[in-house]
Amino acid sequence: MKLLLKNREMLLVVAIVALVALIALRFPPFVTPGNLANVYNDTSILIILALGQMAVILTRCIDLSMAANLALSGMVAAMINAAMPGLPIPLVILIAMALGALLGSINGLLVWKLDIPPIVVTLGTLTIYRGLIFLLSGGAWINAHQMSDAFKALPRAAVLGFPLLSWLSLVIIGIMVVVMRRTPLGRAFFAVGGNPHAAVYTGIDVGRTRFFAYCLSGTLAGLSGYLWVSRYAVAYVDIAAGFELDIIAACVIGGISIAGGIGSVGGALLGALFLGVIKNALPVINISPFAQMAISGMVIIIAVAVNARAEKRKGRVILRKAEAVHG
Amino acid sequence: MAETQMVARHIPDRLEGRGARLVKSWETLLVAVALAIFLVNSFASPYFLDPWNLSDATFNFTEKAMIAFAMALVIISGEIDLSVASIIALTSTAMGYAVQLGFDTPALVMVGLATGLLCGAFNGLLVTGLGLPSIVVTIGTMSLFRGLSFVILGDKAFTGYPASFSWFGQGYVWWVFSFEFCLFVALAIIYGIVLHKTNFGRAVYAIGNNQTAALFSGVRVGRVKFVLFLLTGLMAAIASICLTARLGSTRPSIALGWELEVVTMVVLGGVNILGGSGTIPGVVLAALIMGMVTFGFGLLNVPGIVMSIFIGLLLISVIALPILYRRFRSH
C-alpha cells in the first residue's frame, strides 16, 4: 500500500515535470531557477491552506470557510496594524493565528458537540465570517499606505536568497510531516477518516479529533490571512473570495480522498504546486488568464477520476490477498 | 459523505397520530417562522404590504427556488450538485452567443435548455458512469462550466436580447403575478407530485436511505441519479433563461455564489444534507422565508452582506435548535 501511495505521488511529480517541460518548450525562461523559486513563493499561501484542509478532509469533514476565515483574520491584522503601527509584527501574526484558531474552533465545536454535518456548518460560517468583515470594516479598504512598512516587509524579507514566505511554508510543511506521521493526533486524523467506528473502539474520540482538525485549519487560515494581506498590501471584504475551492482542488489533485482517511502532506504540497504552475504559466505562454478557471476544472475532474481508479485497485489487491489466505 | 451515528435509533411502540405529527413537523416550524417574519416586516416598513412591492420581492427567490426543487431531490438521494450557478453562467453565455448569430426567441430557449441538459448529463455521467463522488465532480464542473463562460466572454458582455425574450424575466401573466412567480408555483406542484406521489419519488428516498438496499430492491440507482442530475441541469437552464431575460445581459460572473444560496434554501427547508428525507413544501416555505428576509431587510436599507450573515445564522440555528431541543428533552 505504501508503494501505491508513493506511486500516486510519483505520478503527480511526473505530471508537474511534464507540465513544466511543456511550458519550457514555448517559453524557456520559465524554467530558470529564479523563476521556479518565484512560482513556489507565489504558491506558498495555497500550500499552507491546503495542508490545513488536508487534516480536515482526512477526518471525513470539509472546511468551506477557510477563505472567509483568511479574509477576516487578515482584515483584523491589517486594522490592528493601521490603528497601532507600533505593535510588534510577530504579535500581530499571533493575534491573526489566534483569531483564525478561534473561528476554526467554532466550526469544530458545531461539528463535534451538535453533530451538524460539516458542509452545512462551514457553508453557514463562510457567509457569517464574510459578513463580519463588512461589519468590522464598514466596507472600507485598508490600503498600503495605512500599513506600517514592517507589516508589509516581513513576507518579502530575504533569508539566504529566498523570501521569508517561502521559508515559512517550508517550515509548516516540516511541522505537518512530523504531526501527521509522528504524533498521536496525526495518526488519529487517519484513523477517524479511515473507519470512525474502529477509531472509537481504539479509544479515539472522533468528535474531538475533528475539532482539533478544524482548529488546525483555522490557525493556518489565520496565518495565511496575515500573509495574504501583507503580501498584496491591501485588505477588503472580498479578498480570497472563492479561494476555498482552489484549496479543496489542490487537495483533490493531491490524491486526498474526499471520503476521508487517505492522503499525505506530499500529496497536498504537489496538488497545490500543480495549480500554482498552471496559474503562473498561462500568462507567459500567451493563453488568456480567463482560461485558467476552465483548465483547473478539467484538472480536478481528471485527478478525481485517476484517484478513484487507484483506490479501486487497492481494494482488489486486498481481496486477492484474502482469497489467497483462504485458498 | 458517510456520517457516523453511534446512538441507537429510538423505535416507538406506536406511531403518533396525524395531528400530532403535523404539529411537530419541520414544515409547521417553518410556517411559524414565515408568519413571524411577515408580521415583523409589515410593522417595520409601511411599504411591505403593497401588492406590487410584494410582487417585486418574489424575484428575489423564484429563480433560486426553481433550482432548489431539483437540488432537493439530488440531496435527498444522497448526492449534491455544486455546479448549478456555473450551469446558469454557461447557459446564459450560450444564449448570448446565439443572439449574436441572429436566433429568435424560441430558438434561444431551445439553446438554453439544451446547454443545461448537456451540463447535467456531463455531471450525471461522471457520477453514475465513473462512480465518482458528486461533491468533488461538481466542484470540478463548477470551475469548468464557468471557466468556459470566461473563455468565451472574457471581460465582455452579451446584450441585445430580443424584446419578446425579456418577457420570461419581466412579463406578467395576470395583475401582480409575474411569469416567474407562476412558473415557480407550477414547478412546485410538479416537483411535489413527482417526489411525493410517484414511484420515481419513492426511489429517490430509497436511494438516499440505503443505496445498496435500493439496488437489491430493483431500483435502477444509476439511472435515477443520472435523471436527477439531468433535471438539475434543466432547472438551472430554466432559471438561467428567467435571469438572463430579467437582466437583459450576460456576464461570466452571472449568478456567482448561487450554489451556496440554493443549498442553504434546501437545507433550511428541512432536507437532510446526508440524504433520505425532506419535502417539497418545506423547500417552498424556505424559499418564501429567504425571499421575505431579503426583501424586508432591503426595505430597511440593510446592506446585502449583512443579510447574508442573517441567512448563515438562520441556516446553522434552524439545524442546531431541534438537536439542542431533543438533547434537552432526553435528559
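Each Cβ is built from the backbone N, Cα and C atoms, and glycine gets one as well.
TrEMBL annotations:
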- B:29-49: transmembrane segment (TRANSMEM)
- B:69-95: transmembrane segment (TRANSMEM)
- B:107-127: transmembrane segment (TRANSMEM)
- B:134-152: transmembrane segment (TRANSMEM)
- B:172-194: transmembrane segment (TRANSMEM)
- B:226-248: transmembrane segment (TRANSMEM)
- B:254-275: transmembrane segment (TRANSMEM)
- B:282-299: transmembrane segment (TRANSMEM)
- B:305-325: transmembrane segment (TRANSMEM)
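Same-chain residues lying 6 or more positions outside the transmembrane segment (B:226-248) and placing a CB less than 8 Å from one of its CB atoms are 59, 62-64, 66-67, 69-71, 73-74, 77, 79, 81, 84-85, 87-89, 91-92, 95-96, 108-109, 112-113, 115-121, 123-125, 127-128, 159, 161, 165-170, 179-180, 183, 187, 200, 204, 254-255. Beyond its flanks by at least six residues, the transmembrane segment (B:282-299) meets 26-27, 30-31, 33-34, 37-38, 40-41, 44-45, 47-48, 53-54, 56-58, 60-62, 64-65, 68-69, 72, 184, 188, 261, 264-266, 268-271, 306-307, 310-311, 314 of its own chain at Cβ-Cβ distances under 8 Å. With pairs at least 6 apart in sequence, the transmembrane segment (B:107-127) and the transmembrane segment (B:69-95) have 3 or more Cβ pairs within the 8 Å limit; the two touch. Below 8 angstroms of C-beta separation, residues 79, 81, 83, 87, 90-92, 94-95, 98-99, 133-134, 137-138, 141, 145, 161-162, 165, 168, 225-238, 240-241, 244 of the same chain, each at least six residues beyond the ends of the transmembrane segment (B:107-127), sit close to that stretch.
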